[in-house]
Each structure stands twice: as C-alpha cells, then as structure tokens.
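Q: Copying in the features that TrEMBL gives for the protein in this structure:
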- Cys33, Cys69, Cys107: [4Fe-4S] cluster 1 binding site (BINDING)
- Cys184, Cys188, Cys191: [4Fe-4S] cluster 2 binding site (BINDING)
- 24-144: domain 'MTTase N-terminal' (DOMAIN)
- 170-402: domain 'Radical SAM core' (DOMAIN)
- 405-467: domain 'TRAM' (DOMAIN)
Amino acid sequence: MSLPEFRLTAANAAPVTTDHKPLRRLHMITWGCQMNVYDSGKMSDVLAPLGYGPAESPADADMVILNTCHIRERATDKVFSELGRLRVIKETRAAEGKQTILAVAGCVAQAEGAFITERAPYVDIVLGPQTYHRLPEMVARAHRAAGPVIETDFPVEQKFDFLPETAPSAERAVTAFLTIQEGCDKFCSFCVVPYTRGAEASRPAAAVIAEAKHLVARGAREITLLGQNVNAYHGAGADGRDWGLARLAYALADIPGLDRIRYTTSHPRDMDDDLIAAHADLPALMPFLHLPVQSGSDRILAAMNRRHTADDYRRLIEKLRTARPDMAFSSDFIVGHPGETAADFEATMQLVRDIGFAQAYSFKYSPRPGTPAAGSPGMVAEPEKDGRLAELQALIRAQQDDFNARTVGLEIPVLVTGAGRHAGQINGRSPYLQAVHMDGPVSLTGQVVPVKVQGLMTNSLTATLINASPTQERASA
Ligand code: SAH
Ligand code: SF4
Ligand code: F3S
C-alpha cells in the first residue's frame with residue numbers, strides 16, 4: 001500500500017451542497033458485469049458528499065468516470081477509443097473555462113495501471129476496483145493537478161468498511177444489487193478476474209444484512225447478491241462462525257418486504273448441499289440459477305482448471321431440480337478454448353441438449369495477457385470458433401424460445417418494476433428473470449402480482465393481471 005489510509009470522516013465528507021442542488025456533476029459510463037454496475041453506484045455514493053450529482057452526458061460533467069471491463073479481447077483498445085472521445089469533450093469544456101476530471105476505474109484500470117496515463121496523459125485518475133472508497137481523496141489530489149493519480153494496489157483495508165450507505169437521492173429501485181463477496185481464487189485458465197479483482201473476500205453477514213435492510217427500506221423488493229464466486233461466500237456470522245451462502249440466504253429471507261433473493265455468479269464446485277436445501281426451503285430464493293459450466297468436455301474442463309467433470313454438473317443440476325422442481329438454469333460457455341477439438345465441442349452441444357437451459361451466454365475464447373491459456377498450444381482458428389459459436393448459439397436460442405413458449409398460458413407471480421413504454425402499461429420481472437409487459441396501474445410498482453402469460457415477444461412476455469390485488473409470492477409460488 002503506497003498511501004496512508006483514507007477514511008470518510010465527518011470533516012472530509014461534509015456536504016457542500018445547498019438545498020440538495022448538486023454543485024458538481026458526475027457522469028458515469030459503466031461496462032462489464034453486474035458488479036461493475038454495483039461499483040458505479042457506490043462510486044456515486046462516495047462522491048455525493050462532495051457535492052456531485054448526476055450529469056446526463058459527459059459534456060455536462062465536471063467529472064467523468066469510465067468503469068471498465070477486461071474480460072475479453074480488445075478491452076483496452078475500447079477504453080482508449082472512448083477516452084479519445086472524452087478528451088475532445090474535456091478540451092472543449094476547458095476552452096469554456098471548465099475543469100473536467102477524467103477517471104478510469106474497473107478491471108482495465110487495474111490491469112493496465114500507469115500505462116493508461118502514459119498513453120492518455122489527459123486522464124487524471126486511474127483506480128482499481130478495490131480502491132474506490134478513496135475517491136474523495138483522489139479527487140482532491142487531481143484538483144491540485146500534481147500529475148495523474150494512480151491507485152491500483154490491493155489495499156489491506158476492505159473498501160466496504162468505508163463506503164457510505166446509498167445516497168438518499170439515489171433513484172428508488174425495486175430491484176437492487178448487493179455485493180457480498182469479491183475476488184476469485186479459482187484461476188480458470190482463461191480468466192483475468194483473479195488478477196483484476198484480487199483474492200476472494202467475503203463481507204461479514206451483519207454488514208450484508210444491514211445493507212439489504214437499507215435497500216428494502218428504500219423500496220427494493222428483489223435483491224441480487226453479487227460475487228465473482230458468490231456461492232464461495234464465507235462471511236463472519238453474528239454467532240462468531242463463518243456463514244456460507246445458504247445461512248446468509250435464510251437470514252435475508254427473514255427481512256420483511258424482501259420478496260425475492262437471487263445470487264450470481266456461482267461456481268459448480270461451491271454448490272453445497274446446504275445451498276441446494278435452501279432452494280427447497282425458501283420460496284424467496286428464486287428458482288432461476290446462473291451456473292456457468294463453460295464446456296461439456298472433460299478434457300477441456302480439466303484444461304480450463306474448472307476441477308469438475310461434465311457429469312458432476314449433470315448430477316448437480318439433477319439435485320437442484322429434485323430440491324426445486326420448477327428450477328431453471330442459465331450458463332456461460334466458451335468455444336474454442338486452446339486444445340478444443342470438434343469432438344470436445346460436440347460434448348458441449350450434448351451437455352446443452354441434456355440440460356435444457358432457459359438461457360445462456362456463449363463467447364469465443366479470447367486470449368487474455370498473463371493468463372495460463374493464452375500461452376497454451378492448440379489455439380483454435382478464428383473461422384472454426386465462429387462456426388462453433390453460431391451452432392451453439394442457435395441451440396441455446398431454440399432452448400430459450402422453447403422455455404419462454406412453455407410459460408405462455410401459465411399463471412406466474414410477477415414483480416412490477418415500473419411504468420412501461422406505452423400509456424397504461426407496466427413492466428415486471430418473472431421468477432425466471434423474463435421481462436414481462438402488461439396493462440395495469442403504476443401504483444402496483446414494487447408489488448408481486450399474479451399474471452397470466454398471454455404471448456411472446458423477442459425477449460419478453462406479454463401478460464394480463466389476474467386481479468389487481470397484490471399477492472404474497474411465498475404463498476403462490
Ligand atoms: N465468475 C464467473 C464469471 C466470470 S466472467 C464465473 O466463474 O463463471 C463471465 C464469463 O465470461 C465467464 O463465465 C466466461 O464464460 C467468459 N469469459 C471469461 N474469460 C474469457 C475469455 N478469456 N474468453 C472468452 N470468454 C471468457
Ligand atoms: Fe474467472 Fe474462473 Fe474465477 Fe469465474 S471462477 S471469475 S471464470 S477464474
Ligand atoms: Fe469485467 Fe471485471 Fe466484471 S473483467 S466481467 S468488470 S469482474
């Protein structure tokens with residue numbers, strides 16, 4: 001750690017706003033996973049006491065934060081191309097006598113560090129995902145214009161101990177993210193996350209429960225617990241023992257008003273019996289699980305260092321379906337990992353046919369600097385990867401369409417998330433994360449209502465309210 005510890009105190013966090021009008025404006029550009037979305041929210045919260053309120057566009061912003069993702073190819077190029085655009089805006093504003101602080105955050109910032117300010121000297125701050133609790137101090141240093149501020153150490157303190165609660169001005173959202181675990185010790189052959197997010201660390205259960213209660217008090221009815229390996233969660237519990245994710249889920253399910261709990265992303269190896277039992281016991285735990293398997297070939301799973309077989313995964317899905325028969329699954333797949341043959345790819349296709357996914361994401365393998373697979377022999381040619389990806393995506397699309405079609409005619413509980421695009425229309429979310437549109441009053445926002453699914457759109461369902469009175473999902477699910 002190169003810097004003295006920074007704490008948000010009454011002195012340095014004193015609001016500099018009057019009558020809630022922001023003195024300064026912040027524009028946030030967020031790429032990557034849900035954790036980056038959560039982090040962007042936290043960065044806004046940390047800066048709110050300094051008088052920063054939201055800016056619609058970078059041209060209106062006194063500070064722009066680009067929160068980046070490093071997971072696949074050309075991540076760094078994409079950052080520099082966006083920075084080029086922001087540079088023009090910064091220069092235009094400078095000509096009008098306005099200062100603009102430009103910060104690069106997230107996983108590219110962590111991976112590239114000072115290289116970013118070497119190539120783009122107009123960037124004021126580069127900060128990794130573990131240091132954003134120190135943003136106020138970084139901003140102060142950037143204002144003093146003593147050269148770029150670069151903070152990519154993994155500090156000894158946990159940033160969560162220094163973050164303020166979600167700012168009262170933040171938009172009231174019916175669905176919310178909550179990071180409970182961060183970092184990864186799994187070191188899959190292809191993946192940068194252990195290097196950009198650091199070692200696995202879990203937040204204490206009491207801190208998670210307090211944040212969940214705060215979110216519920218602010219209107220959240222569905223909380224998605226986040227972690228790079230969320231089911232490896234092992235936070236200190238109130239009883240002095242380490243709690244696993246199952247124990248935490250039981251505690252969260254007791255919070256009045258918290259109707260729905262989800263968690264992502266899980267690793268098959270950390271899916272223990274307690275967590276499977278929690279799916280049987282807790283109606284609030286939604287019957288939809290993103291459980292990435294990456295490949296259906298044991299040879300490739302071994303090369304990927306996933307440390308389980310395709311049959312282990314099949315058995316796991318079976319156990320979960322036994323515990324909760326209405327459970328649906330999604331996954332991530334990589335095609336063209338080094339060494340993947342046509343037969344390995346066929347094993348992946350077979351696994352997909354065997355499981356039947358409600359949805360899935362698939363990617364072409366992309367070599368990431370510094371990861372073991374990037375230096376492996378047996379690189380798969382690009383046209384071959386393209387062909388496999390197209391074939392896999394067609395199968396996944398067919399399964400997704402089939403899954404959606406099977407919900408037509410069913411009565412399902414939908415969490416109303418707000419007004420729809422057309423007058424009189426409202427939007428909601430099914431237990432399976434499907435977007436649902438229906439006619440109804442906006443006053444139902446935040447309630448779980450029973451609907452009948454009437455039809456399919458490309459990526460959503462249309463439905464009618466069964467009656468306008470809210471239902472208890474716990475009773476109806
Ligand atoms: N922590 C999660 C996901 C991390 S990244 C997990 O363990 O599953 C999200 C997805 O991006 C991964 O599941 C993987 O399918 C994909 N991915 C990661 N690295 C990749 C790479 N080098 N090339 C292509 N896809 C990759
Ligand atoms: Fe990456 Fe594997 Fe860790 Fe997931 S489990 S974040 S894919 S290293
Ligand atoms: Fe991307 Fe970092 Fe998330 S690399 S996927 S933003 S953990």
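Even glycines carry a Cβ here, placed using N, Cα and C.
What you are looking at is a predicted structure, and each value in this text was computed from that prediction instead of being measured.
Just tell me what is around each of these and how deep it sits.
A: Note: Cys33 ([4Fe-4S] cluster 1 binding site) has non-local neighbours Cys69, Ile71, Thr265, i.e. same-chain residues 6+ apart with C-beta under 8 A of its own C-beta. Under DSSP, Cys33 ([4Fe-4S] cluster 1 binding site) is assigned to coil, being neither helix nor strand in the three-state scheme.
A coil conformation is recorded for Cys191 ([4Fe-4S] cluster 2 binding site) in the three-state DSSP classification, outside any helix or strand. Remark: Cys191 ([4Fe-4S] cluster 2 binding site) has Ile71, Cys184, Arg368, Thr371 as non-local neighbours, by Cβ distance under 8 Å and separation of at least 6 in sequence.
Mean predicted confidence for the domain 'MTTase N-terminal' (24-144): the pLDDT average there is 95.
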Q: Going through the binding-site residues Cys69, Cys107, Cys191 in sequence order, which have a CB under 6 Å from an atom of ligand 1?
A: Cys191
Q: Enumerate same-chain residues with a sequence separation of six or more from Cys188 ([4Fe-4S] cluster 2 binding site) and a Cβ-Cβ distance below 8 A; give 'none' if the list is empty.
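A: Set apart from Cys188 ([4Fe-4S] cluster 2 binding site) by at least 6 residues yet with Cβ under 8 Å, we have Gln294, Met304, Asn305, Arg306.
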Q: Excluding Cys184, Cys188, Cys191, please set out which residues of the same chain place their CB within 8 Å of the center of the CB atoms of the [4Fe-4S] cluster 2 site, keeping sequence order.
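A: Same chain, not in Cys184, Cys188, Cys191, Cβ within 8 Å: Lys186, Phe187, Phe190, Val192, Val193, Pro194, Gln228.
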Q: Around Cys184 ([4Fe-4S] cluster 2 binding site), how many other C-beta atoms are within 10 angstroms of its C-beta?
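A: Excluding its own Cβ, Cys184 ([4Fe-4S] cluster 2 binding site) sees 23 Cβ atoms within 10 Å.
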Q: Count, for each of the binding-site residues Cys69, Cys107, the other C-beta atoms lying within 10 angstroms of its own C-beta, and report the residue with the smallest count.
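A: Comparing Cβ neighbour counts within 10 Å for the binding-site residues Cys69, Cys107 gives Cys69.
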